[in-house]
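First comes the structure, then the notes that go with it.
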Amino acid sequence: MNLFKSRDYRWWFVGDTAGASAIAIRQFAVPLAAYALSGSPALAGLLGAVQVAVATAASLPGGVLIDRHDRRRIIRGYALAGASIWAAVGLLALSGRLTFWLFFALATIGAAFAGLFGYATDAALRTIVDQSDYPKAMATNEGRDAGVQLAAGPLGGALYAVSLAAPFLTALLGYATLAASTWGIKTDLTPPAFDRTSIVREIAHAWRWLWSKRRLQVMLPIFAAVNVGEAGVMFTLQLALLERGASPVQIGTLSAVLSGSFLLGALLAGRLVQRVPTGGLAIAALIWVTLCQIPTALTDSYPIWLGAMGLGGLLLPALNAAMGGYLFAQTPVELQGRVQTLLGLFVGGLSALAPLAAGLLLPAVGLTPTMGAFLAILALATVAAALSDAVRSIPRPDRWEEAPL
């Protein structure tokens, strides 16, 4: 089925794309603004670490709320909160009253709301799209996200060059569009009813469900390590560019090159996911990424950094679509919110350490040891995936029912 023939999917796609654009622009601007306001790579790294940690902690009760309540209303509330917080940042910056610690506080509050409600759009997608179309939807989203990131880097850099406030005020349009799109979706986004207990017990139920799955017991530590390695590599390069006095446009170009490779990779992802066994595709993608990014630890050449990150990103959309599609296609609709947040805790939560580690290591030991540490984590995760039968044996999507979690 052509996903875009569905009215509800079209509205969901427009809204989620607008929301993703707002997030991408302000995520690009936050570390630059933190560095400009503090003058310290360590403090900029600390803010990045705190944001990830707060969002991860908030996602646990957030997952329960997403599984309990109408996801349409949750999306609207999330969009309103995001618009309000980042508008406040922009207006304070324009007035000259924005200090680092005030920015730190507002960015942390924004991270808390993102953690609480940011997974609601993804949970809603599982209701809008049939299970058989879910891998295709994941691949489409990978391409969309790549396009957003491709535009967000140069656009964020250009906006930041105008003023510190401009990226945050621009994000308002994205949040407003996200809220408006929910009125176009006619599917009932209220999750199936289940016996409600306490938030702790409902999280515990999803936790037990996750850890009762043999493959997930192996996959979660592996892909958590992958996330740490990749986040560390990218943040280290951004901080290194800031330390050498690179312009916002140069930093944005690095993000744009990576996003461009994601966009190219997303064009291939749909076919690769359908034709190549999921486990083999994941392992091949990890090997490719690790090998391509090794040069970033061996030189401080900006063009080589661009080439290494660009090549390394080509297979990441297929990896994300394959593994994400496999997991969430087999997750019950009523568990989507909690499972996504618990996975965020494992796969994304440890990445909170990456910005902080990069901010501390780079001034202390230099570029090569810092990059080497993150690449070593990535390499170890790749070896673990290649040696794991739980990963290797995952088949193509048309046979996923033969390979339960």
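Glycine too: its Cβ is placed from the backbone N, Cα and C atoms.
Sequence annotations record features per position, and here TrEMBL assigns transmembrane segment to 43-66 (among others).
The annotation transmembrane segment is assigned in TrEMBL to 78-94 (among others).
The transmembrane segment annotation in TrEMBL covers 100-120 (among others).
Same-chain neighbours of the transmembrane segment (218-237): 31, 45, 48, 210, 254, 258, 286, 289, 293, 296, 305, 309, 323, 343, 346-351, 353-355, 357-359, 361-362, 367, 370-371, 373-375, 377-378, 380-382, 384-385, 388, 390-391, counting only residues six or more beyond its ends whose CB sits under 8 Å from a CB of the stretch. The transmembrane segment annotation in TrEMBL covers 218-237 (among others).
TrEMBL lists 249-269 (among others) with the feature transmembrane segment.
TrEMBL lists 281-298 (among others) with the feature transmembrane segment.
Sequence-distant neighbours of the transmembrane segment (304-329) (same chain, 6+ residues past either end, Cβ-Cβ under 8 Å): 122, 126, 131, 134-135, 138-139, 141-143, 146, 216, 219, 223, 234, 237, 253-254, 257-262, 264-266, 268-270, 272-273, 276, 278, 281-282, 284-286, 288-289, 292-296, 336, 339-340, 343, 394, 397, 400, 405. Look at TrEMBL and you will find 304-329 (among others) tagged as transmembrane segment.
Same-chain residues lying 6+ beyond the ends of the transmembrane segment (341-365) with a Cβ under 8 Å from its Cβ atoms: 31, 41-46, 48-50, 52-53, 56, 59-60, 62-63, 66, 115, 119, 203, 206-207, 210, 220-221, 223-225, 227-228, 231-232, 235-236, 239-240, 243, 327, 373-374. TrEMBL lists 341-365 (among others) with the feature transmembrane segment.
Long-range Cβ contacts of the transmembrane segment (371-391) within its own chain (Cβ-Cβ under 8 Å, at least 6 residues beyond either end) map to 214-215, 217-219, 221-223, 225-226, 228-230, 232-233, 236, 279, 282-283, 286-287, 289-290, 293-294, 296-297, 354, 357-358, 361. The transmembrane segment feature in TrEMBL is assigned to 371-391 (among others).
Using a Cβ-Cβ cut-off under 8 Å and counting only residues 6 or more beyond its ends in the same chain, the transmembrane segment (78-94) has close neighbours at 19, 22, 26, 33, 102-103, 106-107, 109-110, 113-114, 116-118, 120, 163-166, 168-169, 171-172, 175-176, 178-179.
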